[in-house]
């Protein structure tokens, strides 16, 4: 039966195990070492190219992302904008996530083994190995979610209720990092109402925390309002066009198992049991956060990895449960052997999957290893097809594309070249032109995709465009003549980028007049 007594009375005298610093720092170091090869492997991911462009146009909002990711990219630009400069930021965020997992395990009552098991479990999760290999908002999301959860657990344990102020600060930053944090906030609301934490609603601090979160999020809300809520329109377009792979409930749950690693399934299921039915029922608000977020994302047909930031807390709870179960084994040697077997199983199974989740192999060896495991490239978007998973495939072909465009551009007579712009069909192409183009003497890209469409054509006043992708038939409607001048292909890139390159002469009407018709958000 639920105990509705005040939180501080329920948790009075609840023991807090010592933090195992060797476990904490050892796992953090392991996380950093795992990602070192990725600092120099493959190339810039499509979204990274876009975020670098966003960093060159810092604002309080963008069509398809919250503003903090542009700040991360700006830091990378300040560090030189190289691949290692970009990749070190998500690598550090991933290390922070591992540390938070260990700290949550301790706050849930876990000793050294529970802390180690929880940290090891999150360390081998394929989805986090992949997410933390490229710069995006996704690598930072667990920091904000799990930072809030750690604070909530401290409050449940009888901590100062003024900690809700820090909770609100982190939640607000989380909203400025990624808008899906709104669903985390909704899940927290369910958790508070469904558990004795609702007593906190009678105190001012939780409301002050909510006000702080809203205040931090407010600049982005104002930007959305001033620009006609482009993110809402973008999401509506994505749904209407069927861009994303929509998973039914069972496939969605199967993907949760795969992305977190099948070996971790018993761990996070044990965590759920601990939070709702075991010794951790005091912390069942944590379980309610997961269950609520799961329901939200299934109903909304969200991408499977949207729930990834919630798993560190379940793995932490699972580590505590397995540690408690193992204490029932009589005999120190037998108990140690059993614990070693569990940890060893995670290490071995994690090592088997790691080459799929990290850029360790050449593309050819990656595909061969993937086939040996009987796996196929995972798709989260319908149109993304290629021999490699999208995260890796979208890192190939960009420098080559820019070189091909440069050859076309510099082959033009000088008078023609001066009135020729480069029209990119999507933000990846635009980002590539803007990053690699200057060394080839190319002008900035012109693009009507996503937030690029809000930046306009710049000072371009010509009537001729090197047009990436598109079709001759569609271009003939706005061009006096259309000439096929190239065709981009890359064996490891995504199929959608294997497209023709056209030269559009005698553009009519002017690009500024065409802009509203060409703009597309999806």
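A Cβ is built for glycine as well, from the same backbone N, Cα and C atoms used for every other residue.
TrEMBL labels come from automatic prediction, so no person has curated them.
Annotated in TrEMBL:
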- 66-223: domain 'Glycosyltransferase RgtA/B/C/D-like' (DOMAIN)
- 23-40: transmembrane segment (TRANSMEM)
- 60-81: transmembrane segment (TRANSMEM)
- 112-131: transmembrane segment (TRANSMEM)
- 143-159: transmembrane segment (TRANSMEM)
- 179-197: transmembrane segment (TRANSMEM)
- 204-223: transmembrane segment (TRANSMEM)
- 259-278: transmembrane segment (TRANSMEM)
- 285-302: transmembrane segment (TRANSMEM)
- 308-325: transmembrane segment (TRANSMEM)
- 337-361: transmembrane segment (TRANSMEM)
Report task. May I ask you to check whether the transmembrane segment (285-302) and the transmembrane segment (204-223) make contact, with contact taken as at least three Cβ pairs under 8 Å and only pairs 6 or more apart in sequence counted? Result -> no
**Report entry** Ranked first among 23-40, 60-81, 308-325 for CB pairs under 8 angstroms with the transmembrane segment (204-223)
**Finding:** 60-81
Report summary line: Taking the transmembrane segment (308-325) as reference, the highest number of CB pairs under 8 angstroms among 60-81, 143-159, 337-361 goes to 143-159
Requested in this report: Using a Cβ-Cβ cut-off of under 8 Å, list the residues of the same chain that are 6+ residues beyond the ends of the transmembrane segment (60-81) and lie near it.
Outcome: 48, 51-52, 54, 88-89, 135-137, 140, 173, 175-179, 219-220, 222-224, 227, 230-231, 234, 435, 450-451, 453-454, 521
**Report entry** Tertiary contacts of the transmembrane segment (112-131), as residues 6+ beyond its ends and Cβ separation under 8 Å
**Finding:** 17-20, 23-24, 27, 30-31, 34-35, 90, 94, 97-98, 101-102, 104-106, 138-139, 142, 258-261, 263-264, 267-268, 305, 308, 311-312, 315-316, 318-320, 322-323, 326, 339, 342-343, 346-347, 349-350, 353-354, 356-358, 389, 391
Requested in this report: Could you pull out which residues elsewhere in the chain have a CB under 8 Å from any CB of the transmembrane segment (337-361), counting only those six or more residues past its ends?
Outcome: 34-35, 37-38, 41-42, 113, 116-117, 120-121, 123-124, 126-127, 129-130, 133, 261-264, 267, 322-323, 326, 329, 369-370, 373, 375, 392, 395
Query raised in the report: In terms of Cβ proximity under 8 Å, which residues at least six beyond the ends of the transmembrane segment (143-159) contact it?
Result: 7-8, 11-12, 14, 16, 93, 96-97, 100-101, 103-104, 107-108, 166-167, 170-171, 173-174, 177, 181, 184, 188, 191, 197, 200, 282-283, 285-286, 289, 309-310, 312-313
Query raised in the report: Along the domain 'Glycosyltransferase RgtA/B/C/D-like' (66-223), what average pLDDT does this model show?
Result: 97
